[in-house]
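Visitor: What follows is a single structure, and I will ask about it in a moment.
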């Protein structure tokens, strides 16, 4: 059976579920592509941005004694790493939610379709294979749609999380290096650039 014939015999609930899955799919694809692009961009700039954040405050930090200087540099780095974590997590809730609920929306659509198929069989009194196979097969389309929406969302989510973990590793590594350089520069009374 083609989609036009399937669509013609669906009820309001099935159409609502279909459009819900369509909206989730569009949202997850847009969010996923943007998240991968932005996370990759953050990963490339994190080290330089942390160094610039510390060096831009060097005029205010250099007059401080060594322990205060190290504390201030640490606070600057923690603030910047927190900002990177926040930026990297934008949109992940949409991907995670889509991945979690889309299969259940599809499953509900399948159950709803099977219920209607059995109801129509009960009304007509005919329970042959030809009367059961078509409506049940059409109902299973919703499960397939739910999975087709959820699988790309899971893939986008996992790739974005991997990039974010790598970005935070680079950020922490750079921060340790800058803190180490700050500790070494205590004798020179100056923040490294």
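Cβ from N, Cα, C; glycine included.
Per TrEMBL, the feature transmembrane segment maps to 16-37, 92-119, 139-160. Marked as domain 'MotA/TolQ/ExbB proton channel' by TrEMBL: 64-165.
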Visitor: How does the model score the domain 'MotA/TolQ/ExbB proton channel' (64-165) in terms of mean pLDDT?
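Guide: The predicted confidence over the domain 'MotA/TolQ/ExbB proton channel' (64-165), as a mean pLDDT, is 87.
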Visitor: Tell me the residue counts in helix, strand and coil for the domain 'MotA/TolQ/ExbB proton channel' (64-165), as DSSP assigns them.
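Guide: Grouping H, G, I as helix and E, B as strand yields 94 helix, 0 strand, 8 coil.
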